[in-house]
Amino acid sequence: MNAEYGVGARLPAKTSLIVIRRRRGTSPQCWTHKSKESCMPTKETSNSRRGSAATKKNAFCSFCRKSYRDVGPLVEGPGDVYICAECIDLCQSILDQEQRRRGPSKSLFSDIPSPRSIVEHLDNYVIGQGSAKRVLAVAVHNHYKRLSNGADGSNGEVEIEKSNILLAGPTGSGKTLLARSLARMLNVPFAIGDATTLTEAGYVGEDVENLLLKLLHAADFDVEAAQRGILYIDEVDKIGSTNGNVSITRDVSGEGVQQSLLKMLEGTVANVPPQGGRKHPEQQYIQLDTSNILFICGGTFVGIEEIIRRRLGHRTLGFGEGANVRNEQTPGELVAQVQTEDILKFGLIPELVGRMPVISYLQPLDLEGLIQVLTEPKNSLVKQYQALFAMENCELEFTEEALHAIAKKAVDKGVGARGLRGIMEDVMLDIMYDLPEQEAGKVYTIDEAIVTGKQDLFKMPTTKSA
């Protein structure tokens with residue numbers, strides 16, 4: 001209707017917009033729009049006017065069955081069919097969504113970001129992990145350059161295969177944040193799935209196709225957009241056996257799930273259930289080609305240091321004072337030398353590891369790195385709490401000793417950067433409780449004594465004794 005009619009599309013010739021108004025002491029009057037310029041009552045005979053008034057008086061939307069008294073103006077069509085503005089908006093949104101789903105998607109990139117610019121973007125959100133950032137930047141740049149040069153990634157006679165990525169590292173080192181920051185920069189659909197919830201077909205649990213359903217949700221069911229998105233599969237190390245022993249009972253969430261992931265990672269046309277799970281066998285499946293989806297798998301791989309130590313040789317050779325002495329390397333130094341054979345000995349099958357040729361290990365954050373996480377990123381915890389204080393017209397500052405004490409708590413607990421929020425919430429709980437009652441316009445400073453609980457930021461009011 002045109003904007004003059006307030007609905008958004010052109011009215012058919014036989015369609016009229018009726019507005020039913022009640023004047024004081026009179027019955028409802030029906031007004032009909034015959035043109036843009038005219039908004040006058042239609043000329044009717046007395047008999048037709050009485051019949052029309054009786055009909056219009058009880059007019060209701062033919063879609064939602066609401067009366068004109070509840071929804072306002074109604075659009076009248078042939079055969080006494082009416083529709084309200086709310087239903088028109090709903091129908092328009094449904095048509096727009098269907099058009100986006102069926103229509104051609106927008107081009108992927110006008111200019112593919114260079115690996116250097118990708119690393120610079122990641123530096124704004126993730127502290128440290130320079131080696132992992134470079135590996136990710138090169139792999140992502142080559143992947144989307146492959147897509148922009150052809151849907152099948154081919155250039156003449158040379159077909160460029162995609163390179164999925166495996167990120168290994170301790171909890172709180174930034175694996176998920178790296179993948180999410182990449183998707184934010186590239187403006188592509190991004191979804192996170194958990195490998196521990198997956199089981200083989202026929203067993204209680206989720207199928208591997210449910211991971212693709214999350215990507216479809218992120219793409220608003222735009223199949224073309226989802227087929228070039230990024231899917232991050234977390235806890236992939238949990239679907240492998242760490243010692244290689246064969247269990248007496250069937251492992252329905254281990255090697256069988258790895259076998260199910262093979263074709264999806266390599267590239268296949270998967271049948272995705274739009275309602276998820278196996279509870280709706282009658283549903284129609286959505287076909288999704290995974291050939292151009294970038295898969296990033298992540299896991300902690302706890303204990304892989306000993307596998308690397310055995311491969312490198314944990315005792316020195318020779319005679320004399322230094323013979324048969326354990327070669328003590330830090331876990332960070334060991335995992336920096338991770339190779340494909342170490343991942344295989346950890347429990348992942350060779351076929352799965354072969355489909356993730358890019359392997360990078362993230363180092364655990366030390367004390368200085370955690371302090372940087374608290375202050376430097378754009379959405380750092382310190383900046384978030386400063387914004388909360390600004391909403392109360394106050395300012396918040398942290399001393400270096402306070403930041404050091406917060407970071408040391410995270411190091412002692414071994415929770416990495418992910419545990420910083422929990423520690424900050426514990427430190428700031430009483431402060432945020434009393435903040436709305438404090439004087440505005442003041443500057444409050446958090447020091448080490450407040451972090452350790454030896455001192456309160458606000459002076460508690462003294463209560464009068466009875």
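Positions of Cβ are set from backbone N, Cα and C atoms, glycine also.
Record features, source Swiss-Prot:
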type	residues	note
BINDING	C61, C64, C84, C87	Zn(2+) binding site
BINDING	P170, T171, G172, S173, G174, K175, T176, L177	ATP binding site
DOMAIN	49-103	domain 'ClpX-type ZB'
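On the structure: features taken from Swiss-Prot.
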residue: C61; record: Zn(2+) binding site; DSSP (3 states): coil
residue: C84; record: Zn(2+) binding site; DSSP (3 states): strand
residue: T171; record: ATP binding site; DSSP (3 states): coil
residue: T176; record: ATP binding site; DSSP (3 states): helix
Roughly how many Å lie between the Cα atoms of G174 (ATP binding site) and C64 (Zn(2+) binding site), rounded to a whole value? 49
Rounded inter-Cα distance in Å - T176 (ATP binding site), C87 (Zn(2+) binding site): 41
Where does the mean pLDDT land for the domain 'ClpX-type ZB' (49-103)? 79
Residue among binding-site residues P170, T171, G172, S173, K175 with Cα closest to the Cα of C84 (Zn(2+) binding site): K175
Per residue, counting other C-beta atoms within 10 angstroms of the C-beta, which of the binding-site residues P170, G172, G174 reaches the highest number? G174
Using Cβ-Cβ distances, find the residues under 8 Å from C87 (Zn(2+) binding site) that belong to the same chain and are at least 6 apart in sequence, listing them in sequence order. C61, F63, C64
For S173 (ATP binding site), the number of neighbouring Cβ atoms whose distance to its own Cβ is within 10 Å equals 27
Counting across all protein chains, other CB atoms within 10 angstroms of the CB of K175 (ATP binding site) number 25
Let's check the environment of L177 (ATP binding site): how many other CB atoms sit within 10 Å of its CB? 19
